[in-house]
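Data block below; observations after.
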Ligand SMILES: Nc1nc2c(ncn2[C@@H]2O[C@H](COP(=O)(O)OP(=O)(O)OP(=O)(O)O)[C@@H](O)[C@H]2O)c(=O)[nH]1
Ligand SMILES: [Mg+2]
Ligand SMILES: [Zn+2]
């Protein structure tokens, strides 16, 4: 009912929900690619991210400040500086890079165990399914230890952290929309 | 004369050597009437230093140069700039056509002025102690290394900071002592002077029983030869900032006050002499003045998007605060260099005027322990063959020009000295204008300014064939050896009648023109939206092509002369470069990149805009390759140099062979040699480069390959994936060079038809 009101306010820049969403994952997983798609609906080829950057993006009906943090080993040291007041984490995995699945699993595990992120909803995106040899959702669940997730449904879960995996291809622009719709229920 | 000859002779590269005579026709040439000038370039053919004062024109103060006509009979010389007549001074009484002084023969000379020597240069080190113990240890080691590298007479001081500022006593003391100033207080320079007692504090007997005043500042500023022991002791004693850091908070840092104190130390005791503040920063200022982010980690550092949308609450205030420091340093002629070592931003963007206006260097690295810091820091303090630092201080550059032109401004590591004159344009301002003299607080052989001019002749004014325009650059500075120098370059260029477009066209230096336009476009980012700047670049390019290209019935008939043929590609790459596309870069990174574009010479600046690519394979010697994704081949290795990083990229098959260890097998010695050649070449590039470049090794399809892919023309992108099979491609919606060129040809043709 008040939607028109909020829309006007936000188009005027008056309504600025300082919701904070983090894009995390190993280097080359596709965080920056995702950020650019959300911002401009276009693909770009970026260099590996060095210092964290932030963009304002609209997901669903909310404006977010999305943070794109570098994923190479050294850059991961700053991830924890961004854990306060996080509304959601999007963790990207390159589903073709089998050599680095263990490394991805470790990083994801550490994030899930971090007390600062205890209640924060986690959306895991298995990216690059357009490529031949990409792991299937089941395989990725297995390898990342995500057999127990909270379900892709729309029902709100209580007393557990929302956690789910969605497969996607950023370059084909498929899959991540479902993921974002899912996660925005919990914000 | 070709462009590189002129550059070797005078350190000068014009966007075009021949200019149309009238304002109207000059504007229609589209490219800016401008030059890249490297005042301290090492010139092979410069005559030995002239050990006397230069002679200047009484009317316009231009210095005697080869274009002056001498009349030995009347004992006068004629100034080509203002047509003024000057008496030949007595020391030149022997002057004759066959007995000319060097400044009458060589277009670039350097005077060593007969003045008392300047004291040795001073360095005030500013060390951030809010870093880990390990990092602090490495930073201290680097400082020790620095003072071992510079000549022992060099003056040093040490300021360390965390929540507060410590100014360490290095002279007249036997024990480790320091003065503490509050970090969150906005001291004026007078406050600081009083608190540190920088005035005269007593007297000291010197040889001959005389007593001289002792400056309070000398307790802090001492020659290395005198204070090396104390300096070492102070460093050994220095710990991490003791102020506790709360959970989920940043350390309390007072970057602003620390810099302000360092600048005050020099202001009060070293005004007018060569000095640099060398700051080693590990994080952002969290205390006012100059705060860029809150103490709480929940508050994140501002991004480009925040600044654009005005969601960066501390931004303007911090910029203003740091601007005042920049102004103070410029007024005293001192330089600020910032070495930032952090994985996240430290507020370089807010500090950019401190570095860019004072001729300082930005060096960034992820840690003090990273080679990009360590090696750059060492290179910075390396002496030259004469045992002196490779830098000049307290410089100023004045431009003189003949009356048909006026000065529109300068872009480079300079600040205005607000000297107006009738050679200063009132109509246009490019970069820092409104003056004919600029301060160069420091300069070195790579420092390159771009100077922009305006043609003021009316279309109707009469043109004489063979008429020249004159420009003279006079750069005064303190050499690192303490002598005062004056480098003078005088250039004469031909005018041509406006309709004579061929002459202009054939004299264009596309590389210099591209860099001059690139600097202008980056200058615009201070006040204009990126989108508008790209549009501006496009319009300029279209107009330039419609002016200088030849057209026919079809699009294919479009052609540019050889000396302009690469220009559109330079613009294509400039549009895509990190100088104008800030996505995926933090404001700090942007400040860093732009700072180098605005200070390096044409060759290096062009390298930043359009990197070079070399391809290595088994069957032929290394050769330059197109900066295009089609250059990626499974059995070749590519070497890309972007100035800021150098990457060696192995094609897929070569990477497989290497992973399988074939190169270890003596049978495949050729593979081993192939793998080593580009690495050796990369190493020799990096050895010469300041700042020390990042070195990357990558394999096709690997994560690091993106350092290469992002710089290549996406001639094969995912849109035409079906046809490419195994060939590497780029996932992008960016236009390829071909698409860009097609659009350009069409637009240029249209613009010709419409005019
Ligand atoms: N085939 C395929 N490639 C993709 C897809 N998404 C991204 N890529 C490519 O994978 C790479 C991912 O790069 P980025 O988005 O820069 O990765 P990042 O996660 O930001 O990496 P860091 O910045 O190093 O942490 C790019 O080269 C993309 O072109 C996809 O869905 N399919
Ligand atoms: Mg990235
Ligand atoms: Zn004159």
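Backbone N, Cα and C define each Cβ position, glycine as well.
Binding of Mg(2+) is attributed by TrEMBL to A:27, A:32, and the same site annotation extends, among A:47, A:49, to A:49.
With a threshold of 8 Å between Cβ atoms, none of the binding-site residues A:29, A:31, A:127 neighbour chain B. A straight line from the CA of residue A:171 (GTP binding site) to the CA of residue A:49 (Mg(2+) binding site) spans 19 Å. Note: the CA-CA distance between residue A:27 (GTP binding site) and residue A:49 (Mg(2+) binding site) rounds to 8 Å. Closeness to ligand 1 is met by A:29, A:31, A:32, these being the binding-site residues among A:29, A:31, A:32, A:129 whose Cβ falls under 6 Å from the molecule.
Counting only the Cα atoms, the space from residue A:49 (Mg(2+) binding site) to residue A:31 (GTP binding site) is about 9 angstrom. Taking each Cβ in turn and tallying the other Cβ atoms within 10 Å, the top scorer among the binding-site residues A:32, A:33, A:127 is A:127. Distance from the CA of residue A:25 (GTP binding site) to the CA of residue A:32 (Mg(2+) binding site) is 11 Å. Not a single one of the binding-site residues among A:25, A:29, A:127, A:129, A:171 has a C-beta coming within less than 6 Å of an atom of ligand 2.
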